[in-house]
Structures are given as C-alpha cells and as structure tokens.
Amino acid sequence: MQPKIYWIDNLRGIACLMVVMIHTTTWYVTNAHSVSPVTWDIANVLNSASRVSVPLFFMISGYLFFGERSAQPRHFLRIGLCLIFYSAIALLYIALFTSINMELALKNLLQKPVFYHLWFFFAIAVIYLVSPLIQVKNVGGKMLLVLMAVIGIIANPNTVPQKIDGFEWLPINLYINGDTFYYILYGMLGRAIGMMDTQHKALSWVSAALFATGVFIISRGTLYELQWRGNFADTWYLYCGPMVFICAIALLTLVKNTLDTRTIRGLGLISRHSLGIYGFHALIIHALRTRGIELKNWPILDIIWIFCATLAASLLLSMLVQRIDRNRLVS
C-alpha cells in the first residue's frame, strides 16, 4: 500500500473546491450586463483564481501515474464506471427536471458528454492511456524552467498574439495543437515538480507571488476582453492558457512546500469525496439556479449560498454513494 502523500490530498481538496467555485460564479461572469460592475469583478476574481483546478487534477494524476507506477486495469474500470454512473445520473436529472433533449444527448454520448462537466472523465482517460509509455525523469530546475517558459508561454498557441508593426513575435509557432497536449504536459510537470526538492522558503514566496500576479492578470485580461468586445470571452480563462499554466505550477509548488506534513481535516474530507462532489455538483448548481433557489438580489450572499449549498449537498450524496459503493468504484 502506498504511503499517504499529504500534499496530494490537500491539493486535491483545494482543486475540488475550486471546481465548485468556477461553476458557482459562472452565471455572474457570463451575464455582465445583468449585474453590477462590482459584483461582476468579484465573481471574475474568484473564477480567475479557480481556473487552476482542472490543470491541478491532471498534475495530480501525472504525479501518481507518470513514474514507476502506471495506470492499472482497475483504474480504467473505475474511470469507465464513473462515466457511465454519472452520465446515467445526469440523464435521469435531464429527463425529470429539464427540457433538454435526452434522445440527442444519448446519440452524442461518445462525442459530447451528457452534462457539461463530465468532459473531464474523457480527458483524464487519456492520461491513464499514455501512462504506461511515460516515466518522467529527474530534471534540473533550470532545464524545467526553460521548458515551461517555451512550451507554456512562448510557443503556447493560446498566448494572446503580440505584434510590433505587423510582426507577430508571440506566440512562436512550434506546431503545438490541441488541449490534450497540455493535459499530458500538466501530468508530466506534476510528476517532475513532485520529485524535485522544492523545499525552499524563498521558492514558496515566489510561488505565492506568481499565483497572485497570475490571478490578477487573468482577471484584468478578462475585464479588458469584456470592455472591448462588449461581452464575456474566455480568452484568459482557458485551462491551457499561459497565465493559468503559470498559476497551476505556482500553486502546486506552494501547496507541496507548505501543506506536506499532514492532511488538513476539511481538505482531507473533500479530497476523499472529490470524485462524488465532482460528479454531482454541476447538477445541483443547475437545479438551484433554474428553480430560483438563489439570492440574486444579494449577489455576494448568493455566491456564498450556492457554493456552500452545492458543496454540502454534493458531499452528502457522495457519502450516501460510498455507503453502497464499498469498493469505491464511482465514489
């Protein structure tokens, strides 16, 4: 049995909370003309800070499976059963409580997830599939820094184009295409950074500063896009974008350095139920929003309410499923 890795547990708990926060604040950031500028800005900052959640999940999986140990048949079974189980729950919810075309959802089951958040199960399967082929080596800090700068920023196709007198100098075209490339890269970086000796106080401070700066740039960039487009655009929110890339690496390093001696009680609970929380949370948020069980006249209270109610309900449902699912196949 593998020894417990405290920082992984804590990081998984943080990432899970961030996913819930993303979907809690989505209505506000995508409906800028229906809310006050202050409300939109608060929701935007919260959403910007939470964009690292998905990259962190890929990094955690990479740390666990891109080393001596790769994904085993039981891991593929689990991801397949999770996709089937939570798709079935989503289909039941769609049939009973929405006007979404269930027949169309079934027809496109292998091309498009039944409910938007279930895309992650398809994407994480790729990490499992390539894990027998990848064993990340120990890499020096300077080499890793250069690699991250080039692939994550300079040659990242999601980098906002920069031009001087019509000459485009960023991003450089290294023919990197597709989000899956970055999902696998996140996994490899999770393993590489996880193996490195990062226990330096100065590095922790630099990581914290980088994360805060990255969140500021993401939020201000999104505000700028809103102002010149007249509507919301996710240019700076992209999971494979350069600023989210930097923030994910910074937060991983910070948590690894500061939360590695024990599992924080609350985060440990969330971590143990992260799969169930992820599977249920989007349905609960949709139900609360569409049934008007919200506090939109008090936006800040509404964000707190939706977040807490969703987390509590998802956690309870996960606990119920775990009582039945003794082998933890879908919970």
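Even glycines carry a Cβ here, placed using N, Cα and C.
Per Swiss-Prot, Lys4 and Ile164 occupy opposite sides of the membrane [differing topological domain names]. Between the transmembrane segment (267-287) and the transmembrane segment (114-134), the number of CB pairs under 8 angstroms, six or more residues apart, is three or more, so the stretches are in contact. Tertiary proximity for the topological domain 'Cytoplasmic' (256-266) is limited to same-chain residues at least six positions away from its ends with a CB under 8 Å from its CB atoms, namely 4, 6-7, 9-11, 13, 193-194, 198-200, 203-204, 207. Long-range contacts of the topological domain 'Cytoplasmic' (321-331) within the same chain, counting only residues at least 6 positions beyond its ends with a Cβ under 8 Å from a Cβ of the stretch, are 77-78, 81-82, 85-86, 273, 275-276, 279.
Taking H, G and I as helix, E and B as strand and the rest as coil, DSSP gives the topological domain 'Cytoplasmic' (67-78) the counts 6 helix, 0 strand, 6 coil. Outside the topological domain 'Periplasmic' (34-45) by six or more residues, the chain places 25, 28, 215, 219, 222-223, 226, 299-300, 303 with a CB less than 8 A from a CB of the stretch.
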